[in-house]
Amino acid sequence: MAKEECITQLNTAGDTSTLRHRRTVPTSSETLQTLSEDRRSQTAELDDTQSSNGTSAHFSPGGHFSQDPQSSRVVLMLVAGLCFATRLYKITEPPHVCWDETHFGKMGSYYINRTFFFDVHPPLAKMLIGLAGYMTGYDGTFPFGKPGDKYEHHNYWGMRGLCAVLGSFLPIFAYVIVQDLSRSYTAALITATLLIFDTGCITISQYILLDPILLFFIMAAVLSMVKFNLQRFRPFTSYWWLWLVLTGVNLAGALGVKFVGLFVILLVGLNTVWDLWRILGDLSLSLVEISKHFLARVVGLILVPLFLYVTIFAVHFVVLNKSGPGDGFFSSAFQSRLIGNNLHNASMPEYLAYGSTITVKNLRIAGGYLHSHWHLYPEGVGARQQQVTAYLHKDYNNVWLVHKQDNNASDLVRHGDIIRLEHKETTRNLHGHLHEAPLTKKHFQVTGYGINGTGDTNDLWQVEVCGGQKGDVVKVLRSKIRFLHRATGCVLYSSGKTLPKWGWEQVEVTCSPYLKETPSSQWNIEDHINPKLPNISLSVLKPHFLEILLESHIVMIRGNSGLKPKDNEMNSKPWHWPINYQGLRFSGVNDTEYRVYLLGNPVVWWMNLASLGLYPIMVAVASITLQRGFSLEHSLVLMREGGLLLLGWLLHYAPFYTMGRVLYFHHYFPAMLFSSMLTGTTSHCILTAPTTSTGGFQRARRDVTFYLFHPLSYGMTGPLAHEPGSAMAGQKWMDSWEF
């Protein structure tokens, strides 16, 4: 190997220890001198990293760098131009709501109208969508009722445009990341080409969704991490601090969009641990210098992201200050801060009394209001009596009347009193018996029974104030109470489980024989009307910021884990995703509608799959050659930098196998970005010798498949692929594709 190639190899690895201790060493005095000059090697690496700070070079036929800033800018501009052209093309088509635009477009409207809502994801992406809509003239009045609704005169293009612009940066970021990791234009261009011409990446970037915003912050965090790693021999310089802080900023952004941002946080965390371990082993550094490194990373990667993440929620709570559809998911105290909520600056009787009209809210997060309606339990589900459920929204069917069991009782309800609760709308009593509960089989069924106040002894419930003593009064909103069923000894309970369609997908209410006090068995009186009693102000209930921050996270996490698939929705399994087994219909179901189908470019995705399979084999070969005292070209880059990309893929893919929530095809796209970058790195190692001919053939084939499959992203009409005369019939390569 020539002297220049040895130096390039060592600089790429950033570590000469492996070669220094190999069994067979070159006898050339020039090579020995090179191996001994560690600091000069580091300096050479610093010179190379200048290219990653904005003056990168073009590749030579072998794939190595040579300084030519102008060529670098031209290539990057070409990549950027293709990215924006493919993502912004036909951005307003179709002019109707597509797939989850019905959720996230509506949430953008809520921000414009300052209306509180509930979502299972953190708020950053929805805030950005709302801001983009507001800045481009959208007034927040479109209802986003269901997929297919026409936008008509509403300015929706700004919200789609934000997502498309952020999605356009993904191939650009990937290009720079791979270029910095592999020091190869070939690898970087292969990666950029894969992502530019992937129909799946195009489709997911063109609509009002969280995904392009999430992917932007994930890739920006990885890019910042890689740039920071390149500055490791220039600690505490301005560029070093810049990339460290930007890494933290983008981590906060990723987590602020979706909780899956935790995966890139874990990737950066593992990289940081390895970096600190390397620093700890550097005997030229004092303990003071090592401590400075540690504290800098605490500030940049923990404190800065934490501050920004909390700030996102602070803005979220300040903007959404009006009552809305999300109120019922939160506690009574939380609701009291929302303008227009019945608890905001409200007054009501302080103590619960007989004859009062009330609503009863479970203290479990998202436990719901005690609710009933005219519908009966279906045949075979306990007794065929009126359903009693917990409902997460304000509703007239949540209203109950409090009646005495004993005419000698006082006017106020006290700890130990036996009462009857009558559902105001249907006049049936809250009733328990020994029939099995619908979903929680070890609990008993709760129903509505009787009419106009008549019933039986199974309608009687004993009120217990948690922590109270006999005779203690029940305080509205502030007292935690339980309802103990007199006949069976069980306690009224909200299980948190979602009932099937026959139960209107409301929350199951049971009577639990397990008497341990838990939030699921505790309730509070929220609304309270009794004209015979004096009212007091409820302003004292407003919670502090940290309380509502904690409560909102508990609600989001529980809501996320409880997501269930909807009817006729294409949910999928993790093993489907890497093989591009099944796509996801964004719009249209028949030959007269404008159809958009989320599916990856099959050549791109199957190349990624092959790369994932080849990578362990290539690493094994490289490891054996190194152990034998030789080094294949790019072997250290493949093992180290390729290993980082493989780790990124695993962290963003493997956890989905452990999740109990419903999963969809779009969940794979963060992992797909890492697999594409790994494909670029491994392909370059394979194609180093015949780069020009073979690489050109591969790019041509990707371009052809993009032409064949681009109607999936940009829309298609006419017969479906399985019907006669369809223009897409030849593209239906798998029976599981439904376009």
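For all residues, glycine too, the Cβ spot is worked out from N, Cα and C.
Any TrEMBL annotation is an automated prediction that lacks curation.
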Tell me which range among 116-137, 534-555 TrEMBL lists as transmembrane segment.
116-137
CB contact flag for the transmembrane segment (157-178) and the transmembrane segment (213-230), at least three pairs under 8 A:
yes
Chain residues in Cβ proximity to the transmembrane segment (294-320) (below 8 Å; excluding those fewer than six residues from its ends, i.e. six or more beyond):
110-111, 114-117, 122-124, 127, 236, 241, 244-245, 247-249, 251-253, 255-256, 265, 268-269, 272, 276, 545, 548-549, 552
In contact by Cβ distance (the transmembrane segment (116-137), the transmembrane segment (242-274); 3 or more pairs under 8 Å):
yes
Summarise the domain 'MIR' (471-528) by DSSP state, stating how many residues are helix, strand and coil.
6 helix, 27 strand, 25 coil
At least three Cβ pairs under 8 Å linking the transmembrane segment (116-137) and the transmembrane segment (213-230), pairs spaced 6 or more in sequence?
yes
With DSSP, how much of the domain 'MIR' (410-466) is helix, how much strand and how much coil, in residues?
3 helix, 29 strand, 25 coil
